Amino acid sequence: MRNKMIYFNFHLFVIIFANLQIFQVQAANIFCYYDTQRITDVNAAINYLEPALQFCNFLIYGYAGIDGETYQVKSLDYGLNYDIYQAITSLKLKHNRLKVLLSIGGDRDQTEDLAEDNKYLKLLENLSSRNAFINSIQSVIRTYGFDGLDMAWQFPKNPPKHEHSGFRKYLDKLMNLFRRSPVIDENSAFHKEQFVSLLTELRQSLNPMGAIMTMTVLPHVSAELFLDVKPIVNHVDFIILATFDYLTPYRDPTIAHYTAPIYAVSEHDPSHNINYDVQYWLNHTTATSKLVLGVPAYGRSWTMIKKSGITGHPPITAGGPGRAGHRTLTAGLLSWPEICVKIHQNKELEGDAARFRKVSDPTKRFGTYAYRSVDENNEYGIWVSYEEPKTAANKAEYAHARNLSGVALFDLSMDDVTGECGDGTYSILKSIHNAFKKFK
């Protein structure tokens with residue numbers, strides 16, 4: 001009996017110590033998101049991914065979705081099936097301190113069917129749907145060896161607020177006094193309550209497995225409407241704030257501005273900045289040790305037109321999303337290497353090949369942007385607000401100063417995977433890692 005008790009106590013100590021190692025409270029955790037929506041070759045993806053993992057504490061694989069009929073987890077990696085799940089979790093054999101989580105939603109589980117898009121709310125509404133989801137989560141974690149899951153739940157978005165300056169800004173404020181606020185979700189109070197129920201039930205099911213659960217707060221999701229902060233904090237291990245894309249060319253195609261400033265910018269919505277979001281969660285009694293700051297590895301671009309002027313100083317009038325890059329293939333979105341190559345382009349080149357002019361922020365408050373004014377034919381103008389290694393390091397320093405748990409990079413596929421920018425591979429990720437190293 002005495003030997004059994006000694007064994008039990010030792011076993012319990014090992015479990016507790018292991019968990020302390022995982023959740024060490026310091027601003028040094030790096031969460032690396034990996035979005036595979038453009039991946040077609042599993043082996044190539046793994047080869048490109050592996051060098052980044054020495055800098056990551058957590059790898060968050062995205063994204064899985066939800067079947068709108070069964071409410072079970074489904075793969076969104078069309079053509080890859082579930083093979084890549086096993087390949088991703090097998091990376092832990094080389095990186096034994098790495099924890100690999102499966103992210104659900106992340107604004108990737110989208111269709112043109114409105115009923116299908118509402119499935120994230122419908123799932124919350126009854127116990128049987130929630131149980132189907134939870135059982136499928138348990139099965140996926142056990143089958144493929146994930147260490148847990150990330151809940152990047154797809155709640156309805158706040159409607160865009162168009163940015164204006166000068167007299168138009170004050171006119172808009174006056175008009176807003178007489179406008180009715182749009183109804184985002186008539187049952188938001190019920191969904192808020194049931195989301196807590198889902199997290200409670202998930203936590204109970206994951207605890208015996210020793211699984212981790214994080215929550216990603218996606219851009220433009222109202223925490224006031226959908227997230228009951230205090231009970232949520234009790235059920236998740238980390239809360240990851242996607243503190244970027246405050247303004248995008250799809251939410252407002254007519255005005256280009258900073259998309260992920262640390263602090264409030266003049267002529268900008270005062271809530272559209274990192275410090276505002278962090279303070280909101282802290283004001284609602286969230287422990288700093290649970291908060292993680294999201295940093296993008298890309299830029300958002302707008303088309304400059306003749307009315308945009310030639311200075312590039314934001315806010316500027318724009319003509320819609322900028323041209324798609326050769327990697328992202330998405331209008332209004334450029335990866336870090338697509339931007340850095342244009343900044344260092346030969347100045348003699350013209351047209352779409354012409355270089356971007358970079359404008360840094362010496363205050364470290366708002367971020368960096370680059371632009372190319374229209375040519376004599378009013379063509380090829382572009383303006384992009386983006387993240388680079390220096391600004392990412394600034395945000396890591398901010399996270400440390402606020403005593404947050406760490407930084408999450410969105411995402412590895414947008415970083416300099418092949419070293420095109422001249423600073424080696426994964427230069428944004430390494431800048432975050434090096435910023436934290438200074439404080440050890």
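Any Cβ shown, glycine's included, is placed from N, Cα and C.
Of the cysteines Cys56, Cys421, only one is given by Swiss-Prot as the disulfide partner of Cys340: Cys421. A gap of 19 Å separates the Cα atoms of Asn403 (N-linked glycosylation site) and Cys32 (disulfide bond). When the Cα atoms are compared, Cys421 (disulfide bond) and Cys32 (disulfide bond) turn out to be 20 Å apart.
Minimal Cβ crowding within 10 Å, among the disulfide-bonded residues Cys32, Cys56, Cys340, Cys421, is found at Cys421. Taking the Cβ of Asn126 (N-linked glycosylation site) as centre and 10 Å as the limit, one finds 12 other Cβ atoms among all the protein chains shown. Annotation: Asn403 carries the greatest number of neighbouring Cβ atoms among the glycosylation sites Asn283, Asn403 [cut-off 10 Å, Cβ to Cβ]. Reported as a whole number, the C-alpha separation between Asn126 (N-linked glycosylation site) and Cys340 (disulfide bond) equals 49 Å.
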